[in-house]
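I have placed the structure first, in the form of structure tokens, so that the comments after it can refer back to it.
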Amino acid sequence: MTADELVFFVNGKKVVEKNADPETTLLVYLRRKLGLCGTKLGCGEGGCGACTVMISKYDRLQNKIVHFSVNACLAPICSLHHVAVTTVEGIGNTQKLHPVQERIARSHGSQCGFCTPGIVMSMYTLLRNQPEPTVEEIENAFQGNLCRCTGYRPILQGFRTFAKDGGCCGGSGNNPNCCMNQTKDQTVSLSPSLFNPEDFKPLDPTQEPIFPPELLRLKDTPQKKLRFEGERVTWIQASTMEELLDLKAQHPDAKLVVGNTEIGIEMKFKNMLFPLIVCPAWIPELNSVVHGPEGISFGASCPLSLVESVLAEEIAKLPEQKTEVFRGVMEQLRWFAGKQVKSVASIGGNIITASPISDLNPVFMASGAKLTLVSRGTRRTVRMDHTFFPGYRKTLLRPEEILLSIEIPYSKEGEFFSAFKQASRREDDIAKVTSGMRVLFKPGTIEVQELSLCFGGMADRTISALKTTPKQLSKSWNEELLQSVCAGLAEELQLAPDAPGGMVEFRRTLTLSFFFKFYLTVLQKLGRADLEDMCGKLDPTFASATLLFQKDPPANVQLFQEVPKDQSEEDMVGRPLPHLAANMQASGEAVYCDDIPRYENELSLRLVTSTRAHAKITSIDTSEAKKVPGFVCFLTAEDVPNSNATGLFNDETVFAKDEVTCVGHIIGAVVADTPEHAQRAARGVKITYEDLPAIITIQDAINNNSFYGSEIKIEKGDLKKGFSEADNVVSGELYIGGQEHFYLETNCTIAVPKGEAGEMELFVSTQNTMKTQSFVAKMLGVPDNRIVVRVKRMGGGFGGKETRSTVVSTALALAAHKTGRPVRCMLDRDEDMLITGGRHPFLAKYKVGFMKTGTVVALEVAHFSNGGNTEDLSRSIMERALFHMDNAYKIPNIRGTGRICKTNLPSNTAFRGFGGPQGMLIAEYWMSEVAITCGLPAEEVRRKNMYKEGDLTHFNQKLEGFTLPRCWDECIASSQYLARKREVEKFNRENCWKKRGLCIIPTKFGISFTLPFLNQGGALVHVYTDGSVLLTHGGTEMGQGLHTKMVQVASRALKIPTSKIHISETSTNTVPNTSPTAASASADLNGQGVYEACQTILKRLEPFKKKKPTGPWEAWVMDAYTSAVSLSATGFYKTPNLGYSFETNSGNPFHYFSYGVACSEVEIDCLTGDHKNLRTDIVMDVGSSLNPAIDIGQVEGAFVQGLGLFTMEELHYSPEGSLHTRGPSTYKIPAFGSIPIEFRVSLLRDCPNKRAIYASKAVGEPPLFLASSIFFAIKDAIRAARAQHGDNAKQLFQLDSPATPEKIRNACVDQFTTLCVTGVPENCKSWSVRI
């Protein structure tokens, strides 16, 4: 049977594909076939939004053109027949930016830029549907988009200028409702704006591209069945119900796909293959919406976005009593997923997928929704009850049946309904527990006639509490019923200690908490229905427990110092210059590694990794791999021409030989003609193992004495004397979990052999060109000078590409050497997370001695980190943790020790802060316990113990230019700390089940590589005869704005406009022997190198300037050229006077320190563990800022990354050492809605730093730790909750990091948690272990 042609439009151009493969996604087609690389691959599972595009089609049922956003990484091209696709390239370019592109660029909303095109397209789609959106609609548009760099504030602030309801004016003062005016401090004068909205192009909806007329002409043409055949899969697009039922009768195993949001993931990540896929999306009956007498019936193919809009309309016009169920469904849909998923995911698919943690199925089950099932010749209606899901991922449907529709019922008089969900993150997250709850009372009474309590996340399917609910019938809605239900649920809803998903006590407690919320909500509604006399009055302190999550309108302030009035307009230092690549990033023109056009004879590589934590390799079978079309070769350690040993300490291998030491250890690599064939072949490689004992956790390592190197120690004073003189001594321990970098662009390399003298060129996404070069050269057995490494830009790095990127690059270089052809590999997100390691988990055991006044006199901390299977940078990271164990406090008698645990996990590595945040969190943890034990305000104890100017640290470095007290006092004042503390106490008295916390935290962060010789930077400056300047330096651009700052430095040094200066890339053949772009020091080191090179040029131009004092610049340059004077210069800088000895505790490890203070307020839900970040005020000393926009962006971005570290991001490993959390669906980084509602950042004024270029300071890492103010505010709120339930206010309790909903809920001990205590049998292995 012949296949049909696929016809669709992309950016107005017609595309006819004669060989459409159902396995090809729109993303792959756009990038590889059409060369449209603006759309990015961030995760491949619809979780990050980097691949967002807009789809436009004529909707025959609504009789209109509709526009909606989709994830191109999940959309099969076969689903796009007769639609129009718009990508970021289709709406504007750098010659003429669309207003959406312009505003994100000019409001500084693009740092690394990898997420930017997807965010642009989400906003563009909103504006196509709603040219004048509200602020809330704008925020909701980004629920399916993630950004790891910016902290989201500048994106939202830029796009709020489109809003009709008080769009931000950016501080221009033209808006009477301006957020800055509303919250303006009296203590500091307002800065100029970071951007001026008046400069923005207005949005003109009439100028948008039209829907293709050819597609519009087809609207009345009957749709016909289509067939597309790929290499392994056939896709049939059914156009009528009859065709569909016939197909299902003939092929009962055929998969029905509408949005591909589930099947696509199963095929990609679970290696499932469905040879026949049938798409029923066109069938009218499956898309119909029917308003019946008992409810609204939705066809099974109706997208969830349509369900949402229909129910919203009904809720607006129907009586409240009739829409109880509708509002429950809407509450679940609110947090269900991003717009991209809801636009295509069908209501029927959501039901039939039968997920045990479905958001919607418990709601449908509790509501008694009716399902209509049809097959050829039969039709039946069933109620969705406990029998509908007979087992894991199973339904009552017969193989030949399909779901035709679902009827969501109207609620009756006396019926109440609520829906609940708790996840790690509110937006776009998989639930831990979901629930639908319904009660129907006998008319005019509070006696229960029907009660339905349904749950997801409590079994292998959606369940109903069938033992508990019948016992409540005919009971009155009162305290007695509450106790009965809670006892019943605790008994009925048991979970095994090793239940998949873990968090057993938390999940069990949530079922009771949800019912308690439902009980209170119903009680409240009964009171409004004049039944208060029967049921009793709701305690007013309980009322807030019934409130659904509401977010106040955001308010943001950014304060910075203006440049001097006499500064030349051409001198851009100190001005908020946008990132130089922002326009290219916003238009999709910025080129990342995988965007480089493919070579004609290019091959693709996929890694083959270990599935065991520690084992001998007994055999490798490649026979199945070789059968895959396009297979070229399989590489192992035997193929390495020179040295298989690699890594910073030669303790790693290019490929594992004989033995593997972690899950994810690279054993070999498959090379094939396409990425898809390479991946299939890699999965076909079968490896057998002989398991060896594995060490997974820090505790395992301690028990087995498994460490790297000797103990590291810093000691000062007389510890014994200090403890003996102390009034109080407190001991304890703190565990700090690891963190995944989650740069949006995964590791990527293209290796191109040059065919002579062993030369090779590598295009790499790396922070470390030098080590990439030397590791490849060593592996191949050639001198470094034969290997050129080039980096244009990275889509984020954060330390994750400092050393670990080399494991990919080295394998690629071997493949290119072996085949003699260019080879490319961009890791999939799950591979990247599995292989590359992350932030080190820490365990600290501390003992602190202090006086009754709160003065700390003695401290001892033993630090243990989980280093993983190789040493990598673990020792330097532990050293920095010890250097920062004091944070900002003078402790006369102190000892800090550090051990790095050698475990069978992927090697952990550098991550923004480099051990500093772990050391400082421990310091603030015991400091908070000192304050509690003394009964003193924490802020007083912190201030009392703080260093002063000229003090020596515990490692004997003198503090000079110590601005921290200024930052502290300014933050106390600008945050109105003392007044707000009283307000928090008042709120906590008035609310039993919601509590607020407030905390202020300082940071002191040392700037320099602690390995002295790394503190060097270089630059190369070429001046061309037209006066243009090409600048190269040793640092790489990963979104932090380094290139922009270097151009600003060169501009001031040469006294020419920034427009004359260009940076193309970083490469080993321009600036050699570079230090990694890390340690926050790159602007300092390379900036000074740039300055030196520019000075050399200026000296050479001096004679020509004297001859022509008025210039212009171009004349001096031409005169120098014609006089045969070199117009090329290098510059070099090394940081002076560095070097510390652990043996003698002397010398300076740091050139200077950066300081900052943050005050944060949170509100926790004691029943669910949920929290919201109400407000954060930050005062940061960045010296004389080179670029306030970039520096504020770094402060906000680092803070939000720290927010993830301390409250949200949690890695789950199995007891066998296998990572569970391998993508955005299971690993949650902060989203748009996670940031503080009020976010106020102030750069300290008048604090020039004499030790760095143009008096600036480092900013990349220091602000991250300030997010611990959120952690400690949460702990403050938990303490208030525990005090309410009988805990002594001075009683200490352990709260490990991150403070996830699970930890918050479990710490808020109450009558519900005590019912759900779950013992763990001795030999039971839990689902995940604390590594």
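Just so you know, glycine gets a Cβ as well, placed from its N, Cα and C.
Remember, it's a predicted structure, so these values are computed and weren't measured experimentally.
The substrate site recorded in Swiss-Prot includes E802, R880, F914, and the single candidate from T697, T1003, T1010, T1025 that the record places there is T1010.
Swiss-Prot annotates F798, R912, A1079 as Mo-molybdopterin-binding residues; of Q767, Q957, Q976, Q1016, the candidate listed for that same site is Q767.
Per Swiss-Prot, [2Fe-2S] cluster 1 is bound by C43, C48, C51; the candidate from C37, C73 named for the same site is C73.
Across the domain '2Fe-2S ferredoxin-type' (4-91), mean pLDDT in this model comes to 97. Working note on the binding-site residues G259, G349: by count of other C-beta atoms within 10 Å of each C-beta, G259 ranks first. When the Cα atoms are compared, A1079 (Mo-molybdopterin binding site) and C51 ([2Fe-2S] cluster 1 binding site) turn out to be 31 Å apart. Residues in the domain '2Fe-2S ferredoxin-type' (4-91) partition by DSSP class (helix H, G, I; strand E, B; coil) as 15 helix, 31 strand, 42 coil. Comparing the binding-site residues C43, C48, C73, L256 by how many other C-beta atoms lie within 10 angstroms of each C-beta, the top residue is C48.
Taking the centre of the Cβ atoms of C43, C48, C51, C73 as the [2Fe-2S] cluster 1 site, the nearby residues of that chain (Cβ within 8 Å, site residues left out) are L27, K40, L41, G42, G44, E45, G46, G47, G49, A50, N71, A72, L74, G118, R829, P1224. Between the CA atoms of R912 (Mo-molybdopterin binding site) and C48 ([2Fe-2S] cluster 1 binding site) there is a gap of 21 Å. Neighbouring residues of the recorded Mo-molybdopterin site, listed in sequence order and excluding Q767, F798, R912, A1079, comprise G797, G799, G800, E802, A910, F911, F914, M1038, T1077, A1078, S1080, G1260, E1261 (Cβ within 8 Å of the Cβ centroid). For S346 (FAD binding site), the count of additional Cβ atoms within 10 Å of its Cβ stands at 29 [all protein chains shown]. Nearest neighbour of C73 ([2Fe-2S] cluster 1 binding site) by Cα distance, taken over the recorded positions S346, F798, C992: S346.
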